[in-house]
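Beneath this line is the structure, given in structure tokens, with notes to follow.
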Amino acid sequence: MVHQVLYRALVSTKWLAESIRSGSLGPGLRVLDASWYSPGTRQARKEYQERHVPGASFFDIEECRDTTSPYEMMLPSEAHFADYVGSLGISNDTHVVVYDGDNLGSFYAPRVWWMFRVFGHRTVSVLNGGFRNWLKEGHPVTSEPSRPEPAVFKATLDRSLLKTYEQVLENLQSKRFQLVDSRAQGRYLGTEPEPDIVGLDSGHIRGSANMPFMNFLTEDGFEKSPEELRAIFQDKKVDLSQPLIATCRKGVTACHIALAAYLCGKPDVAVYDGSWSEWFHQAPPETRVSQGKSGKA
């Protein structure tokens, strides 16, 4: 059963429940809870300890990142990522299923899906509908901690799926890539503040289009169909046959653009990891666009 879905970006709650019932969890199939919430709201690790998908390990994105960077969620090194996921029992032969508990149905899970892909691991899927629908459908949960046997994971960075500040700056001149921002429209325009952060005005990179990631999800928290997703890209005049860079505030919801494009048959969307957090502090003022009070971000 597992081998039929190794390269699928999404797996259903029904499929995962059947896999757990059939005893498929182990070195060949691992489940990760990648929940993260803004400070002062929900506590991701505490909620995981109280209830999670049976056999799931907690993927702490605060630990699996570049903690030396001044920006929020920058990728860790190859060695850091390899050691971290290896400690969760994941090898290069493991099919990884990622979910989170966000009320939208999915928030941080696509970021972890992309992290695995950018480090060379293709057998990774997002649980469609997330923990929200796992609970709604009455699938089993447990508070029992997962203790997988450590595994060896070799990480190889795929630079084609990652863009740096310098590359995005160069792209303003070359225009080789389309640039799409996944934040809510008000933050993109600069008319609404960036939440939970001081010293970061809202706005966007000059020349970027706006595709709020929430539009990729149904009201019930599932990914929309490939046909619906293609229509969203077409409506924003984003050509899926051409190179594409996704950006947001810190490289998280940009991964929803990468996932949506993947579901439309485009697996090569690159994510600007530093995104607006880095751009705001590094880029020339004329490359930052805002309709806020100052007119510039």
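Using N, Cα and C of the backbone, Cβ positions are placed for all residues, glycine too.
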Stated Swiss-Prot location of region 'Hinge', expressed as one of 144-159, 192-207, 272-287: 144-159
Among S35, K136, K163, K175, K237, which are recorded as recorded positions, the nearest neighbour of K250 (substrate binding site) by Cα: K163
Contacting positions for the region 'Hinge' (144-159) when only residues 6+ beyond its ends and CB under 8 Å are counted: 27, 30, 49, 54-58, 78-79, 81-82, 85-92, 94, 117-121
Candidate nearest K237 (N6-acetyllysine) in space, where candidates are the recorded positions S35, K136, K163, R187, C248 and distance is Cα-Cα: C248
Alpha-carbon distance [C248 (active site, cysteine persulfide intermediate); K163 (N6-acetyllysine)] in Å: 13
